Structures are given as C-alpha cells and as structure tokens.
C-alpha cells in the first residue's frame, strides 16, 4: 500500500479548486478515448479499413449491449469494494495501464487481415476497450462525485467541471484527430499514432483525478445477504425519478451519437470538407463552455435542473430542424453548432447532476444507498443508446445506397445522411423532454437531504447508547 495514495475522508468538506479541476480531468481523459471510438471509429473503419458500414454498426450495437451489462457488473463490484484507496478511487488506479493499451489497440486493426478476421478483431478489441476497461474506470469515476459531497449545489459545481473537462477532451479530439492523421501519413498507421498520443494524455489525466480527489461520504460495502443485489435492483425500478432520468439519458445520448457519427459524412458530402467537423466542434464546445461557466450555475439556482434540461432539449430540437432550410450552408451550420453547443452545456450538466439526487432519493425511499448500482444502471442506458445511435446511423446510410469512399453519393444516400443529422436526433430530444414532465425531485430534494441527516444522527446516537 502506498500511503500517498490512501483515501482521506477527513479532508475539508469545502472542495477546493484543485480537486474540482482534478475531477474534471477525469472526463477530459474519458473523452480522449470515448469520443474517437463513438464519433470517428465508423469513419475510420469504412474509409481506412474499408469494411462494410452496417456490419461495423451491428458489431458496435452488440458490443454496447454487452457494455451495458458490464456496467451492472462493475456497479455490483463497486458496491462490494472495501479498500484503503477508497470505494471508487481504487478502480481508477487499477485501470490506468489497461486504459492506455486498449486506447491504442482499438485503432490498430491489422491491415493484412481478411475482412472476416477484421470483424472478429474489432469485436474482441472493441469489447475489451469499452465493455471491460472503459467501464471499469469511467463508472467508478462517475460514482466518485456522490462520495465527495452530499451537498447538491457542490455536486452541480463538480458536474460543471466534469462537463468542462469533457468538452475540452471532445474538442481536442474532434479538432486534432483528422489533421494529425493527415500529418502522420493519412493511412491506418497514422490513426494508431494519433490514438497513442490521446491514450497517453488520458492515462496521465486519470492519475491526476485519482491523486487529488477523495471520498468524504462514508458508504459501507453491500452486505453479502443472499438476494440483496436482486432486491436492490427491484427497488431501483420502483424509483420513478431514476426511471425518468434513465429514459432521458438514453434518448439524449442516442441523439448525440446519431448526429455525431453522421456529421463527418455530412461535412464531406454536403459541405465538401470533412475537416469542417473540427471547426463546428470548436464553435459548439466554445458555446458549451460559456454556458457552463456563465449561465448554467445561475439557471440551476433559479429554474432547477429539470426545467433547465427541458428548455435546452426543446431549443436543440428547433436548431436541428432549421438545417433543413439550407443543408448546404456552411454559415447556417456554424449557427446551429453554436446553439446546440450552448444548450448541450445544460443537457449533460443537468443529467449528470441529477444522478446523485436519485441516489439520495433511493436512500430516503428504501433506506439503502447504492451509488454503484444507480450509476451503473444510468450508464447502462447511455451505453445501449450509444450502440443504437451508431446502428441507426450506419443502417440508414447503408440501406440508402451509401458507397465507402465514393467522391459523390446517390440522392438516396444524401437524403439518408441529412435525415440522420437533422431529423432523427431532434425527435429523440423531444421525447426526452416529454419523459421529464413529471420529474419533481428538484422541489423536494432539500427536504430529503435534511431527513437523511436526521436519520443518520439518530442511528449514531442509538449506536452510542448501545
């Protein structure tokens, strides 16, 4: 045991700027692997590995379903964890080296293999990278915020730093990947070199998170009582707020993956330059950062998380549909990128800030606290959504007659690309907004936390008297 790495629950309850930045660095590091896999891997597989778009999309969907179940398993393991390094922190430490290696392997499909062998390689390595390693480091990282503080506003601030980190990581990937690939030779090996650079930075970033972030909330490991886990899962499904949040998370994530996967194709065939994806990403993420720093904290105080999220979803719906006015306009796409980026500063900040609230409500309602299960189940929804998003994009394009690497596409393929970018995602955001109509947890949260503190004090007094 390395004493410098041991968790310190007695740290100052006021989370300082270094610890906030360190927490944000975790999602920065997550996006250096997740963004290229989610947004660019399909493009890499079709344009550089030259394999069928629908088959790759199907592999990624199947893998995301497995990944969703791995979330539940990792959530269970977190609940069972007892370590001097902390319940969640220890998992970040364990996964550092595998995270680095898998981030490189996913973009290293051997060029000499026949197509069938390439599909097998992608299935195995994709699942190892995302289903096993990414889940085992990112899920504990997400649950860490629930153990750093019970204060709802402090958690929201942590989530803002997390979203800032995610935005910075996503922006770096989307702006730098294709230029780096072209710089290193614009071939398959160039993708491997680029992936190695991102993986190295990501590994160092996660170590920074592990070292500076500490768990303050005491959460005992789940008991070994037979059927305890099954009972906890059943109770979870009776938590109506968790159900609403999971549906919203699934739809928002699926919408983003659908449009994100197709955007590179859209830039290439509608706007004539695939590197524009980096420019649009920069505009989107700049507006997202402005929203998260300047506007989101104020809106959360005055409107609450639920109302802010619904308004943001509806604005995204309108912005995406407006692309249909002139899909060939670069200027219009800059405006849409800015609006959607600004609103996404609300969507993910609110969604991730609402997860710990569901944990407190679950303890209030059932008397049991399960950070791992709540985070893993919501993560399950987002992972399945990611797979569905990729499958929807790939199948719509493939069935419309899309041809890998062609200079021009048929009218059917062009219409499919436009549909995947501008019609399907806003429909999903609209349904997500509807799913949150009856979410009322914001209004009763302060009462819930007060009641939990009273219960905990009563328990401490009873144990002291005994």
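Including glycine, each Cβ sits where the backbone N, Cα and C put it.
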Among 68-89, 156-177, TrEMBL lists transmembrane segment at 156-177
Are the transmembrane segment (90-107) and the transmembrane segment (189-213) near each other by the rule of at least 3 C-beta pairs under 8 angstroms (pairs 6 or more apart)?
yes
Any chance you could find the range in 21-45, 156-177, 241-262, 373-396 with the most Cβ pairs under 8 Å to the transmembrane segment (416-439)?
241-262
Under an 8 Å Cβ to Cβ limit, what residues of the same chain, 6 or more beyond the ends of the transmembrane segment (156-177), are close to it?
15, 20-21, 23-32, 35-36, 39-40, 145, 148-149, 194, 198, 202, 277-279, 281-282, 285-286, 288-289, 292-293, 296-297, 300, 305, 345, 348-349, 352-353
Counting Cβ pairs closer than 8 Å, which of 21-45, 90-107, 307-326, 332-353, 373-396 has the most of them with the transmembrane segment (119-144)?
90-107
Based on Cβ pairs under 8 Å, which of the stretches 90-107, 241-262, 282-300, 332-353 lies most in contact with the transmembrane segment (307-326)?
332-353
